[in-house]
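Now, the feature entries from Swiss-Prot:
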ACT_SITE  C170  active site, acyl-thioester intermediate
BINDING   R71, G72, G73, K74, I75, T76, Y77, H78, S139, I140, G141, G152, L153, A154  substrate binding site
DOMAIN    31-209  domain 'BPL/LPL catalytic'
SITE      K136  site 'Lowers pKa of active site Cys'
Amino acid sequence: MTNNVIIRQLGIQAYQLVLVAMQRFTERRKANTIDEIWLVQHPPVFTQGNASESEYLLLIPGDIPVVQSDRGGKITYHGPGQQVMYVMLDLRRRNLLVRDLITILEKTVITTLYKFAITTAYSKKDAPGVYVGDDKICSIGLRIRKGCSLHGLALNIAMDLSPFLLINPCGEVGLRMTQLSRLSPVVYNTTDVVKVLLEVFLSLLGGTNTGAIKTWHYNDYLNNSES
């Protein structure tokens, strides 16, 4: 039970729906609830973490909604072509500290990028995420509730980066964002990357997939039963 993980493919889902579903899944967890990993892309949205402040949003975002989130960190942008991986893990059961999970997520992205010939990716001690040169390619934000994690990472693969110009990403003034398609001469999409991302994460975590990747239905998280 300890190492089992259910993988769910959400496709493209509104951030607000997934946020509520994550919260309800975590609230209803029991000691024997199997951990889950959710793979998703979001329609364009800015999300503000618990540490976000109004000055991090530089310009009026137009048609892109701004959503308050309960994750750690500051403001970021999600959009199609960015692979998001949410990790709902019982950290106590896995004997992991929050810093341990952040390190695993960072190593997951660095190793994944290396497999796609991006060999210079690195992490920073005081700024969770993954960087290439001076630019950021992956953002990480977590929340811990009852010893369990929710939220996760967002890896830029082949997306429109221009909305990042409307904010100070992660609260860092002048921070530029980059993506795999800009750094690699080979064209990759999220399908190419997600298989490697998942394999690397499970290897570092010591997790065992419980079987085929499962579908996800929002209504499952509205009833009173455990998903």
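Cβ from N, Cα, C; glycine included.
Everything Swiss-Prot records as a feature, shown here on the structure.
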| residue | record | DSSP class |
| --- | --- | --- |
| R71 | substrate binding site | coil |
| Y77 | substrate binding site | strand |
| K136 | site 'Lowers pKa of active site Cys' | strand |
| G141 | substrate binding site | strand |
| L153 | substrate binding site | strand |
| C170 | active site, acyl-thioester intermediate | helix |
Listed binding-site residues R71, I75, L153, filtered to Cα within 10 Å of the residue listed as 'active site, acyl-thioester intermediate': I75
Neighbour tally for I75 (substrate binding site), based on other Cβ positions within 10 Å of its Cβ: 26
Residues near R71 (substrate binding site) in space but at least six apart in sequence (CB under 8 A): T47, G49, N50, G141, L142, R143, L150, H151
Pairwise C-alpha maximum, in angstrom, for the residues (R71, G72, G73, K74, I75, T76, Y77, H78, S139, I140, G141, G152, L153, A154) that bind substrate according to the record: 16
C-alpha spacing of K136 (site 'Lowers pKa of active site Cys') relative to G73 (substrate binding site), in angstrom: 15
